[in-house]
Amino acid sequence: MRTLWIVAVCLMGVEGHLTQFGDMINKKTGTFGLLSYVYYGCYCGLGGKGKPQDATDRCCFVHDCCYGTVNGCDPKLSTYSYSFQNGDIVCGDDDPCLRAVCECDRVAAICFGENMNTYDKKYMLYSLFDCMEESEKC
């Protein structure tokens with residue numbers, strides 16, 4: 001419980017994009033957004049290595065790969081525009097980089113929603129020391 005409180009305090013100062021991504025996750029999963037995924041498995045959260053532990057972790061692997069294709073802005077810091085229309089996430093930027101970041105986040109949020117049945121609490125706050133297998137290529 002103490003660790004969850006520390007993560008919550010750390011996220012309180014987060015502005016822009018990460019709160020937007022968390023909002024998308026919340027809408028698609030009904031969970032606490034980023035808090036549910038911040039240190040999940042080998043790929044959710046900062047960094048990422050090894051083999052994705054389940055379909056939920058694979059969503060994060062694909063998200064990391066998507067961020068790797070974004071050029072012209074920092075995916076983790078850029079603020080984009082989006083809306084929810086009839087339950088769908090709609091990215092609304094004209095700027096190609098901001099639209100690409102939004103699309104990466106949109107696809108990941110949908111993936112989390114579609115794979116909620118694979119979410120396993122044993123992968124919450126997962127140690128990267130358990131992620132020593134050779135990493136897959138994007």
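Here the Cβ of each residue, glycine as well, is placed from N, Cα and C on the backbone.
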Check Swiss-Prot: it lists Tyr43, Gly45, Gly47 as binding Ca(2+). Then name which of Asp23, Asp64 it lists for that same site. Asp64
So Cys91 is in a disulfide according to Swiss-Prot. Which of these is its partner: Cys97, Cys102? Cys102
Disulfide-bonded cysteine for Cys73 as listed in Swiss-Prot, from Cys59, Cys60, Cys97: Cys97
Of the cysteines Cys59, Cys60, Cys65, which is paired with Cys44 in the disulfide recorded by Swiss-Prot? Cys60
Disulfide-bonded residues Cys73, Cys91, Cys102, Cys111 vs Cys66 (disulfide bond), shortest C-alpha separation belongs to Cys102
Run through Tyr43, Cys59, Cys73, Cys91, Asp105 for me and report the recorded positions whose CA is within 10 Å of the CA of Cys131 (disulfide bond), in sequence order. Tyr43
For the binding-site residues listed here, Gly45, Gly47, which shows the highest count of neighbouring CB atoms within 10 A? Gly45
How long is the line from the C-alpha of Cys104 (disulfide bond) to the C-alpha of His63 (active site), rounded to the nearest angstrom? 6
